[in-house]
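S.K.: Just passing along the structure, written as structure tokens.
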């Protein structure tokens, strides 16, 4: 028995999320189907995080156990030939049997991208959310973003439906920049994320950027610990899971893939 | 009666090409359907060029006549609300009734993009063709590309099925560059393009880049005036119609959107 870890990218548009569901196309389901076919044994996949329907990944991490003797050097190619075109394996490693993709994760990094231009862009529409409100002012968004960094109770930034009791999390990074004119990216890294947390952070920062909220309001929203005070939950297509870290967070400056 | 000219972008993946066909989703069909609905009169659309199934456009140009009194300033928004998400109108102008999107075009510019990286990219796969051959050497491709610029008989670079008799065309530009590591773009501008010409040029230059042909071979291929001598016709997804010009060509340096 060996344990393999893979870094997986997918275009989430045509998936009903990560988690396996009967009669639905899911990321876990597609991976398990392909892995079982390749190894000729039933394979169970565990992911670092369960992305929602429509959410993408550049660096989702999965693990699975297998008795297959396929050499490590061949796995990458075998997988990318077998996977559907909206999925790809970027890296394969053998890991100790004790490794766990979700439980061992120290941090995750997500990016949310908004398109604020007047004309929709047909080439990037699957990966960016259109912001139809007033123009986004990046300076304002940065001021607000800065207040979210650190250890806080993020109740105001998580779905009211979430059953989690302890909503204290640490954000290591919360950056806002313009990859091109009229496009705004929000990137967050933290030790854990509550349900819908990134989409609510992006929604709140956008409302600040559009002038609907003052940057300082973010501090009050945090303190209120009340979901009703946070901004709207933005739609899933702008969200991409970028990276999962298995060592303690160290800030690496200016790394904007 | 007024005549409108529109610059249209589309993701060609889910279209059976530009030209209207019964029971197929086509660009012309989708535009005519939306325009007829908006204007409440039957509308016939003429495009500058008929892109093939799977080919994209950033700057396709269309014209149509209408008696609609929708003010010019409202057209852009009305169209982008009504169009499906894989199409967008980038610009609207009123033009003289004598304007013709195809007949008045002086030049067209196309881009063909190849992805030569070992791992497929799920985010750009709809707009780039994967090159699975040996690594592409851009220097070699540039040498070959240079020989194609100018006025030549492009018989070796057009589909043998084409019924056109005069296959002399002028290429104003034929550039090769790397937008990012492992990605190669070929951009051509010319006064007219034969059937499959850009895809055959991209195929031939790729074979040069991969070391399967010498750069100088391109001159012999041109001289042979024989389709069998040119490189393979690459698949449609890497091809995008970038721009149509209605004034004589003037080289604008360094403009790489």
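The backbone N, Cα and C atoms fix where each Cβ goes, glycine too.
Caution: TrEMBL annotation is automatic and unverified by curators.
TrEMBL lists these features:
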type: ACT_SITE; residues: A:52; note: active site, nucleophile
type: BINDING; residues: A:110; note: substrate binding site
type: DOMAIN; residues: A:7-102; note: domain 'Pseudouridine synthase I TruA alpha/beta'
type: DOMAIN; residues: A:144-247; note: domain 'Pseudouridine synthase I TruA alpha/beta'
S.K.: Using DSSP, break the domain 'Pseudouridine synthase I TruA alpha/beta' (A:144-247) down into helix, strand and coil residues and give each count.
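M.R.: Within the domain 'Pseudouridine synthase I TruA alpha/beta' (A:144-247) the tally stands at 35 helix, 32 strand, 37 coil.
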S.K.: Mind checking how the domain 'Pseudouridine synthase I TruA alpha/beta' (A:7-102) divides into helix, strand and coil residues in DSSP?
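M.R.: DSSP classes over the domain 'Pseudouridine synthase I TruA alpha/beta' (A:7-102) add up to 27 helix, 26 strand, 43 coil.
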S.K.: Under a three-state reading of DSSP, tell me whether residue A:110 (substrate binding site) is helix, strand or coil.
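M.R.: Note: residue A:110 (substrate binding site) is in a strand by DSSP.
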S.K.: Highest CB neighbour count within 10 A among the recorded positions A:52, A:110?
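M.R.: Neighbour-count leader: A:110.
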S.K.: What does the structure give for the C-alpha distance between residue A:110 (substrate binding site) and residue A:52 (active site, nucleophile)? Integer Å is fine.
M.R.: 13
S.K.: Looking only at the domain 'Pseudouridine synthase I TruA alpha/beta' (A:7-102), what is the mean pLDDT?
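M.R.: Over the domain 'Pseudouridine synthase I TruA alpha/beta' (A:7-102), the predicted model scores a mean pLDDT of 97.
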